[in-house]
Amino acid sequence: MTSRSLLPFVLSLLLPRIIMAQSYLELYSHQWLNNWKSLHLLNELDGQFPLHCLKESMNFKLPAEMLHPHQFQQENATEAIHDLLQQIFNIFSRNHSQTGWDEAIVEKFLHGVHQEMVWLELFLEEEMGWENSTLRRDISLHIKSYFKRMMDYLKGRNYSSCAWEVIRMETKRSCLVIYRLTRKLKK
């Protein structure tokens, strides 16, 4: 009789974890595919990095936390992915007229990034209530500082085509970080 009365209690403890694990697996699949599409579109913009722009490359100092995604919990990884996408969207919404890039590809890229941000926001609100932890604020500030350095670089170079190529390559690096963070969602 005692085991029968414990079953509903045990199920009530386990069920939310099972549902959350399933949600993260779905998020992982969705995020992995969209990140792949973003990288593909960034490659489509201009192909290989122009050699004459090599002298303009710069180290934007990717936040140290991003280099060690194994330290993230799933919810922090999800929030970091969202922050990275938000900053990528902000920077690519700027003046890129000097690049010669196909505007349709840029728009498709921005649309995909925006859709992913909305999807992540819904996930964060539904699954976790999206509480702003201290860790999250610290990570968010580091990500914003990283992208501010990128934006300052672009402005300082008057949004030149070489400056945009450097930013495009750095954004591809950010997409690789997103991929590494996305793998954290699978666990």
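Glycine too: its Cβ is placed from the backbone N, Cα and C atoms.
According to Swiss-Prot, the features are:
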DISULFID  CYS53-CYS162  disulfide bond
CARBOHYD  ASN76  N-linked glycosylation site
CARBOHYD  ASN95  N-linked glycosylation site
CARBOHYD  ASN132  N-linked glycosylation site
CARBOHYD  ASN158  N-linked glycosylation site
MOD_RES   TYR24  phosphotyrosine
SIGNAL    1-21  signal peptide
- Note on the structure: Top of the glycosylation sites ASN76, ASN95, ASN158 by count of other CB atoms within 10 A is ASN76
- Note on the structure: CYS162 (disulfide bond) has its Cβ surrounded, within 10 angstroms, by a count of other Cβ atoms equal to 18
- Query: Relative to the Cα of CYS53 (disulfide bond), which of the glycosylation sites ASN76, ASN95, ASN158 has the closest Cα?
  - Reply: ASN158
- Note on the structure: Taking only the CA atoms, the spacing between ASN95 (N-linked glycosylation site) and ASN158 (N-linked glycosylation site), expressed in whole angstrom, is 9
- Message: Give me the CA-CA distance between CYS162 (disulfide bond) and ASN76 (N-linked glycosylation site), in Å, as a whole number.
- Response: 34
- Quick one: Cα separation, ASN76 (N-linked glycosylation site) versus ASN158 (N-linked glycosylation site), in Å? 35
